[in-house]
Structures are given as structure tokens and as C-alpha cells.
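Enquirer: Look at TrEMBL and you will find A:60-77, A:84-101, A:107-127, A:136-154, A:187-206, A:237-257, A:315-334 tagged as transmembrane segment.
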Amino acid sequence: MGKVRGNLLPPALAILFSALLCGIALVVSGANPLTAFGAMVTQVGEGTTAVDIVNSTGTYYIAALAVAIGFQMNLFNIGVEGQYRVAAVVAAVFGGSVALPPGIHTLAIILVAALAGAAWAAIPAILKVTRGVNEVISTIMMNGLALGLAAYLIRDDVFGELRGNNIRTPEIPTSGWVPGISLGSSGTVFGLVFLAAALGIAYWVMMNRTRFGFELRASGESSTAAAAGGVSAKKMILVAMLLSGAIAGLVSMPEILGRDHTYNLNFPAGIGFSGIAVALLGRNHPGGIAFGALLWAFLDKSGLALDNVGVSREIVTIMQGAIVLSVVVAYEVVRRYELAAEQRRVGRQLGTAEPVGGAA
Amino acid sequence: MSGSTSADLPVAIGDPEGPPAVVLSGITKRFPGVVANSDVHLSVRVGEVHALCGENGAGKSTLMKILYGMQQPDEGTIEVVGERVHFRTPADAIKVGIGMVHQHFMLADNLTVQENVVLGAEALHGIGGKARKRILELAGDTGLSVDPGVLVERLGVADRQRVEILKVLYRGAKVIILDEPTAVLVPQEVDELFATLRGMQERGFTFLFISHKLDEVRAIADSVTVIRRGTTVGTADPKAVSSRQLAEMMVGSELPSPETRESTVTDREVLRVEGLALVAQEGTRPVLDDIDLVVRSGEVVGIAGVEGNGQTELVETIMGMRRASSGHVVLVSADGTRRDLTKLGTLARREAGIGYIPEDRHRQGLLLTQPLWANRILGYQTRKPTARGAWLDIAGAKKDTQRIVDEFDVRTPGIDVAAAALSGGNQQKLVVGRELSGEPVLLIASHPTRGVDVGAQALIWDEIKRARAAGLAVLLVSADLDELIGLSDTIKVMLRGRLVADADPNTVTPEDLGSAMTGAGSTSDAVAGIGTGPDTADDGTDTTEGER
């Protein structure tokens, strides 16, 4: 019971607190917070907003899982942004240039995307393992390189083609498409949203039931204890980073295989960074991340309604920032409180005043 | 008693006839689940060196943190020269003339001596020439002879300690708390430190000297207060009591005996280390130099040495956590197959049958926020009963954790609590229980009873003895000489990365062992030098000190 409280209380408090903060920001800027929040909630029922939220949730969810794998061992893969972009271009080019039977074509594209993401992540991983280069710095720089590389690859004299004002990769034939669930005028749910759910389950199983997950968590909790327990730090960094990159490579698959069938100039940016926030919000737990991704998608899509009531939609960005900040603080406060409470409980149950190691 | 510095203090500390420099009465400090200090009484006269003695975990450091304002007591009062004071922060303690030199130096290597001293106390004498003048005035007191403009990274350990003392003097301290000041020093440096302290004592400074090394306490202190399990047991005159009496005050009435009765040593080799060498990462100084070692089935080989002479590195190199620069580590398993472990990683070595009790259970032995059963898996993530192939066997891990809890008397409400919630002794019992699981052929135990209560200590000793009788080979590293002499069948003395002498635990005394450990040469037949032992030790003195 205490555990559930420890996991659910912090985000609830944080969301409440940040809503309050945004309310104040709205009042200061001369708008009515209740009107604004009301508009956001009613927007969910309008047009395709609900389906957009679900689709967006799937994308954020995959990105956050990629980040969370690194977080489990205190590895900050800031490079999800670049990894999914490189993977998207490579997979789109590959998908548009081969002819394969349906199904196999789709699987091949997904596999190529995962491999491309992993390959892009392998560079900072190898740099860290062999030369001790900080992965935060190297992945951020790889993000810049990824932008440039993607722009180069879709030039019409390389792999791309010019369509009107847009440059894009050749369209993937229908054999590579993933059909969605059409809800008529409400929009179409991407078929690969279920891929996100499957990845979440696989992630949970891996973290909690496999040796690799145990070693990953042990490395994150105490690198010295993991080393004494026979966990090779270098191997873990390499594997975790490659796995993180592979999952990052899948981030754009729902959109590319479900709707766009090509990589073009309108490709969405910033999902990797949102993934970091969502992973923090969900505390690296697959359930928590799902909730975080849903919240993020809701704020993104419903925020569009704010323009209608004369409120600047940038207020959503403030809210997202406030949520992440307060969640991180709230988790830490609750964690310390829970640990102290457990020590008190153990002390009481044993009825001793024995000094706990390290207290003195 | 140089009255010049005390003039600008709010409270003058310096009159030996007046009220005591510091009086702590009825201090109680509770942490979640534990009472770190309970009803502590301590009275320190002006101008004396007052030792505070107690085992690791007895509550010495907590008490000093309270006196230095780093923590607030739940109950009790602090008086400084007869006036009641309340410290909210160390700054309050510094204001009335109390300073603290921490065990782990708090110096910035890339700043000069002067910058380190002035840092945070810029308001006193600025940061320029006036500060420099003041530092030079005070440097004589501490025996520091280097220019204040020298970078701290160029200083040796003893000089760094002097800079720390200089820091507290600069801030006007007259009562100086020294937290285990000798732990990092070699014996000659300890003598120099003691000479410095005596000189400062004559000039009216008062010292609170925290230590658990009884011979040092008896050498320097004018009076000694013993603290046990968070409470003061009494104050004694160190000249009038024996070390044994002090030790018994520290641990309680009966000292548990680590003594093993009959030898169970066989002639079957389990561990053979040949020519093992390790070069420190930052330089070419050998941390381990040509180590040869054999441990047989049923034998406990003890490694004695002053901390920092390569014991940690030896253990971690045998465990594969550090890569040896040369030499071999060979393990013979129960069925007689010899395996060269030199190229293997830590996990493979563990799987080959090595159990490992690390020297620091918090940093290396446990995942503190994880439940006990998850800690059972650590180091055994590839083996039964905690794993099946790539999958964890959580039910098996839980069942075996319960077995350890029952067999090793781990006091816990259940196996689902976080390891951090247990007391140090119970955490260590869990670690020992885990490392004796899976039928190891060799146990490497680094300070297996450090900082645990007497009950846990006795249990851990019993378990090691029992496993030894069943044929386990044990490599024991310990700073507790009684433990080493009591448990070991053979003792080897380690000095500056070499095994320099053998000692016979049946005849050797802690004093003999102590002088062999410091390289002073053997005074007893029970300690026999290996090869050119004492000579090489002398050679090493200059170079190693310069590099530290």
C-alpha cells in the first residue's frame, strides 16, 4: 500500500501544483484559467483530437521507453532525437526502394529502422566505452549531425525527390504500409500504436524478469556494487545504448508506415526531447510512462483549442515544464520519506536501537 | 596560550583553571529507526588532548557532528566555557572557537594552500597579503613549511592534513576536533602529527581526538572517553588503564574470541597467485609488486597491513575488478581442475567458485534500495537458485533469501524490505550468508566484521570457521589484528604493495604484527621477513611519499 502511495502521490501532487502554477500564469496574463482549462477538456471531443491524442501517445511512449532504458543505468541518451530521425530517413529510403511481399516488407522496414537507430547510438556508446566521452555531450552533438545527414539524404540528387514545394523520399509501396483502425470522421488510429504497447510489455518483462534487466538496474543503483557482483560496466553501457537506440529508431514508424509513407520536410521534430520528459514523469516504469505519454499528448493536442478562447497556446509549454520539474522534486521528497519510514518501521518491529550502518 | 587570537573571539577559550572548554550533557540524537547517540556525557578540560574512543558505528562521528553544528541534538545541552550554546550550522561552532578536521580531506586540489585556507573565510583577512601574513604566522604552529602559494595537489598526505588544521586555526578555532586523523598517515607521519599536537597543546589549544586505535590513544591523550552503542561508558586516564581494559570498555564486558581451535589446513591448493603486479592508472608506481600467494583448502590466510598498502587492490585484482599488469591467478575447483583466471572477468571468477565479501558493504556489497531478495541475486545472476538461463528465478531467490535470514540470524521483518532499512550488522550477515551460498571453494573476505556489533561479529566468525572446517579456503584481509591472529592459519604482512613478512598466528602478538606492518622490521621470531623484506621497504619510503 505504501508503495502504491509512493508511486502515485508524487505525480498527482506535481500535476496539481503545475496546474496551479499555470493558473497563476494565466491570471497574470489576463485570461480566465477556468475558461482555458475548460476549452482544453472539451477539445478532446472535437474532430479528430481524441484519435490524434492516441496516435501521439504511441509515439511519445516509444521515445520515452528508449530514454528510460538508458535512465535505468544512469545513462542519459539525449540522442533519441537524432536516432529516430536518422532511422526514419534510412527506413523510408529502404522501404521506398525495395519490392517485397506485404508483411515481410513492413517487418523489413521496421528492422532497418531499429538497426539504423542502434547504429547511430553505437557511435556515442563506443566513444564512451573506449575513450570515456560523456554520452550527454556526444549524443547532443550526434543530434546536430543527424539533422544534417537527414537533410543531405533527401536531396533530390541523392535519394530524395521534389514534389511541389516539398522534398521527400520515394513513397513506400502499399506492401509496406500498416493499416490503421478507421473511426470515420474521428480519424484513424495507427496500427503501430499496438507496437508501442507490445514494446512496453517487453520492456517490463526485460527489466523485472531477466538477468539483463537486473544487471541494468544494479548498474544504475550502484556501479560499484554491480562491479563487485560481476556486472561488466562497459558491456552494460554498450548494450543499453544500442537497445535504447534501436527502440528510438522505431519512434517514427507508426506515422511513416501508417500515414505519411515517406520522410519529408514536414517530419515532426522534438519527440526525442519530449521522450526525456515523459520518461522522467513516468519514472522509467512502463505504466507510468504510458500515463505520462497520454498526458503529454493531451496537452499537445488540446492546447490547440486555447487559440479559440484567446489564450496563447504557449501556456502548454509552461505547464509541461512545470510538471516535469515538480515531478522530479516530488519523487525525491517522497522517496526519502518512504525510506525513512521503512527504517523506522523495521526498527520498531525489531524493537532495537541498534545503530544502522553508516548512521554513525 | 597566545592571548592574541582569543581576544577577537566572543568567548575566550584559554584558561585551564576556568570552566571546561566543552561540556556535552545528556545528548541524544535519533535517526529514523535508530538512536545514534543516547544520553551522552562528555567534558573536555581546556588545554588537554581528549580522546573519544569507540568501535566503528558506535556513534562517535554523530556526536562530533553535533558538537560542530552539522546536526542538532534531539535532547541535551552543549556548553562552551561554561556558557550554553546552540549550534545551527558549523558557522555557529566556528564563531565560539570550535573547529573540525574531517577524516576525508576537504581541499580543492587545483587551488593553492592560501586559496584553500581563505576559501569561505574571505571576510577575516581578505584574500591578499594580509591573509598570507596570517597564514604564515599560523603555519609554524601546524608544522607546515611550504609556501602558501603552492598548489595543494603537490602536497603529500601529511601536509594536506596540516593545511586542514591551518584552515580551522585561521578561522580562530581553539578547540579542534580531529576525526580519525591517523587513518591516512604512515607511522612516521603519525609521530610528527603527535609532536605538532603537543606543541599546539602547550600554546593552549584543546583537542578532541577521535580514534579507535587504542595504542595511539594511549600515546597522545590526557584523558579518554569511551563510547559504546551510542552512549558514553566512562572516562578514564589512558596511562592508568591497559589497552585490553579499554577494548573491553569499547565492546562491552566480554570480548568475543575469534580464536580457532584445531587446524583444518589440507595440502590441496585452492588459490595460487603468482607474480601478480598492478600499476596504478595515474602513473607507473606499482600498487602491487610481484605477489606470490597460496591458499589451501581448509586454510585461512590473513593479510595484515596498514590501510592503503595494496590490500584493497590485491583483493580487487584477484576478483578481476582490476586488470593485473602481469602475473597469474589460478583457482583449483573442488574436483581438482585448475583454471587460470587471469583473463576472466569478475562474474566468471565468481562462477568458478569464489565468494567475495567486499570491504564496503554499502558501496560494493548491497543494492541499498532494493529488497533483500534482489540483493541475494547480485553476483549470482547467472546461477541457481536465483536464475535460470537468461531469466531470473524470483521464487528461488526469495526462498534462498529466507534460508539465509533464518540460518544467519538476519534480524528483519521480512525479505521484502529494502537492504538500507537493516542495521549494519544484519546487512553484513546477509552479505556473508550470500557469499557462502553456492558452495564456493574460496572466500575472499575484506574486513568481514568492520563496523558491526559484537553479536554479528561472533556469528560471522563462527560461520567462517565452520566453512573452513568444511574445506573452504579463505583469504582474509582485516585491520583488526585480533581478528587476523585469531582466525588465520597463516598471516602475511603487506607493505607498499608487497608481501614482506610471514607471521605465525600461534605465537605472534598484535604488537609484533604492528611493527612489521609499518616496516619497522621484525622484533620477534614469530615474524619472518620474506626475501629482502625490510630493505626493500626502506627503499620504497622516499618515492612513495613523494608521489602521494
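Cβ atoms here come from the backbone N, Cα and C positions, even for glycine.
Source: prediction; values computed, not measured.
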Enquirer: Is the number of Cβ-Cβ pairs under 8 Å between the transmembrane segment (A:237-257) and the transmembrane segment (A:315-334) three or more, considering only pairs separated by 6 or more positions?
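Expert: Counting Cβ pairs under 8 Å (6 or more apart in sequence), the transmembrane segment (A:237-257) does not reach the transmembrane segment (A:315-334), since there are fewer than 3.
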Enquirer: Check the transmembrane segment (A:187-206) against each of A:60-77, A:84-101, A:107-127, A:136-154 and return whichever range has the most CB pairs under 8 Å.
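Expert: Comparing A:60-77, A:84-101, A:107-127, A:136-154: A:60-77 has the most Cβ pairs near the transmembrane segment (A:187-206).
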Enquirer: At a C-beta cut-off of under 8 Å, are there same-chain residues at least 6 beyond the transmembrane segment (A:84-101) that contact it? List them, or none.
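Expert: Sequence-distant neighbours of the transmembrane segment (A:84-101): 63, 66, 108-110, 112-114, 116-117, 120, 146-147, 149-150, 153-154, 159, 169-173, 175-176, 248-253, 256-257, 262-263, 267, 269, 271-272.
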Enquirer: Residue list, the transmembrane segment (A:107-127) vs rest of chain: Cβ under 8 Å, 6 or more residues beyond ends.
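Expert: Those are 66, 77, 79, 82-84, 86-88, 90-91, 94-95, 98, 100, 133, 135, 138-139, 142, 146, 172, 176, 195, 237-238, 241-250, 252-253, 257, in sequence order.
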Enquirer: Would you kindly list the residues that approach the transmembrane segment (A:315-334) from elsewhere in its chain, counting only those six or more residues past its ends and only Cβ-Cβ distances under 8 Å?
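Expert: Beyond its ends, the transmembrane segment (A:315-334) has Cβ neighbours at 6, 9-11, 13-15, 17-19, 21-22, 25-26, 29, 36, 277, 280-281, 283, 295-296, 299-300, 303, 306.
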